[in-house]
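S.K.: Annotation source TrEMBL lists Fe cation binding site at A:HIS102. Per TrEMBL, Zn(2+) binding site is recorded for A:CYS112, A:CYS115, A:CYS152, A:CYS155.
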2 protein chains.
Amino acid sequence: MTDLFPEKGHDHGRCIDSALRQAEDVAEANNARFTDMRRRVFTLIWQSHKAITAYELLDSLQAEGVRAQPPTVYRALEFLVGLGLIHRIESLNAYFGCDMPHHEHLGQYFICRNCGRVAEAVNDDMSSAVHAAARAVGFRIEATTIEIKGLCHDCATH
Amino acid sequence: MTDLFPEKGHDHGRCIDSALRQAEDVAEANNARFTDMRRRVFTLIWQSHKAITAYELLDSLQAEGVRAQPPTVYRALEFLVGLGLIHRIESLNAYFGCDMPHHEHLGQYFICRNCGRVAEAVNDDMSSAVHAAARAVGFRIEATTIEIKGLCHDCATH
DNA sequence: GACGAAATGATATAATATAACACTTGAAGA
DNA sequence: TCTTCAAGTGTTATATTATATCATTTCGTC
Ligand SMILES: [Zn+2]
Ligand SMILES: [Zn+2]
Ligand SMILES: [Zn+2]
Ligand SMILES: [Zn+2]
């Protein structure tokens, strides 16, 4: 069994570096400016594998000495979501970093209620079940929200 | 192709009556009090097949002359969600009536962005794809949120 | 360097949700 | 029937999440 969630003692600095590198690539490929503010917000989101709320981000920015207001944060979030660099978790009103921003995908999110971590899956069986169900009732899909709450393997077994 | 959504000219009074009858049954079976306030809120939710927000409900109550405040509405909603008489749509911060409250189910919600209607499906293929994916990664599911946005058959073809 | 579009700053406010405590109601037992 | 107490509701205040609007700054392009 492969756990979607990162290993306990993994080198998270590498996650952050890799995410930043990919984000810069994607931004460049889209002719979009990965400004300082956007980089700050993105980096804060990647401080953990948990989802983080807009106001938690705002607090962190202010703690760093950045004079930011809610619109600043929401604009950065809008930009990052728009490029697919982060995803919004509807059931948490929170955001977390995507680790495969290069290809378009409809992801599914596993959310552990104990450790708070979020993991993204791109599972064809889930996707095709959803699309088949939609086709069967003549529904034209534009967006999907699939959020699965419970206990991750670590939290369920320890 | 069977459309999940109700027919255009259907007799919606029957939807409301049926929902009320079922709600009373479920409440009774659970030894729960279907009070006047709860019935009012429930009935307002069933005024349409759309999802409705807490504050829209509050406005409607006040328009009816009921002196209600936000907690009143949220308490009624909490009760109704708890019994499975209504469902919350996370991506809309809104609520809509369940038409099969008798049996426990993990539903999937189709939401039309044009007409605003919501339809609930209980699709085993979707459910089992989700559960299989969770099993494969050792995740213990406690709740699922599956919300599908797009155009219903009517809106896509007219 | 001048220009204009994009980004950010700043202020205000809207929309969604809950905490806390007082009062009322209604089921259940004495 | 009366008492009691838990459940439900009223009321006020406040927390949390999100956006509208207009002023200013930044940055690539000419
Ligand atoms: Zn990591
Ligand atoms: Zn966990
Ligand atoms: Zn109807
Ligand atoms: Zn429609």
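Each Cβ is built from the backbone N, Cα and C atoms, and glycine gets one as well.
TrEMBL: automatically predicted annotations, no manual curation.
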S.K.: Does A:CYS155 (Zn(2+) binding site) have same-chain partners at least 6 apart in sequence with Cβ under 8 Å from its own Cβ, and which are they?
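M.R.: Listed in sequence order, they are A:CYS112, A:ASN114, A:CYS115.
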S.K.: Can you give me the Cα-Cα distance between A:CYS152 (Zn(2+) binding site) and the residue listed as 'Fe cation binding site' in Å, rounded to a whole number?
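M.R.: With the alpha carbons as reference points, the distance is 26 Å.
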S.K.: Which ones, of the binding-site residues A:HIS102, A:CYS115, A:CYS152, are Cβ-proximal to chain B (under 8 Å)?
M.R.: A:CYS152
S.K.: In which DSSP state, out of helix, strand and coil, do we find A:CYS112 (Zn(2+) binding site)?
M.R.: strand
S.K.: Cβ within 8 Å of the Zn(2+) site's Cβ centroid: which residues qualify beyond A:CYS112, A:CYS115, A:CYS152, A:CYS155?
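M.R.: Those within range, site residues removed, are A:PHE5, A:ARG113, A:ASN114, A:GLY116, A:ARG117, A:LEU151, A:HIS153, A:ASP154, A:ALA156.
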S.K.: Within 10 Å of the Cβ of A:CYS112 (Zn(2+) binding site), how many other Cβ atoms can you find? Include all protein chains, please.
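M.R.: Taking all protein chains shown, A:CYS112 (Zn(2+) binding site) has 24 Cβ neighbours within 10 Å.
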S.K.: In sequence order, which residues at least six apart in the same chain have a CB under 8 Å from the CB of A:HIS102 (Fe cation binding site)?
M.R.: A:GLN22, A:ASP25, A:VAL26
S.K.: In DSSP terms, helix, strand or coil for A:HIS102 (Fe cation binding site)?
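M.R.: Going by the DSSP assignment, A:HIS102 (Fe cation binding site) belongs to neither helix nor strand, so it counts as coil.
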S.K.: Work out the three-state DSSP category of A:CYS152 (Zn(2+) binding site).
M.R.: coil
S.K.: Given the binding-site residues A:CYS115, A:CYS152, which one's Cβ is surrounded by the fewest other Cβ atoms within 10 Å?
M.R.: A:CYS115
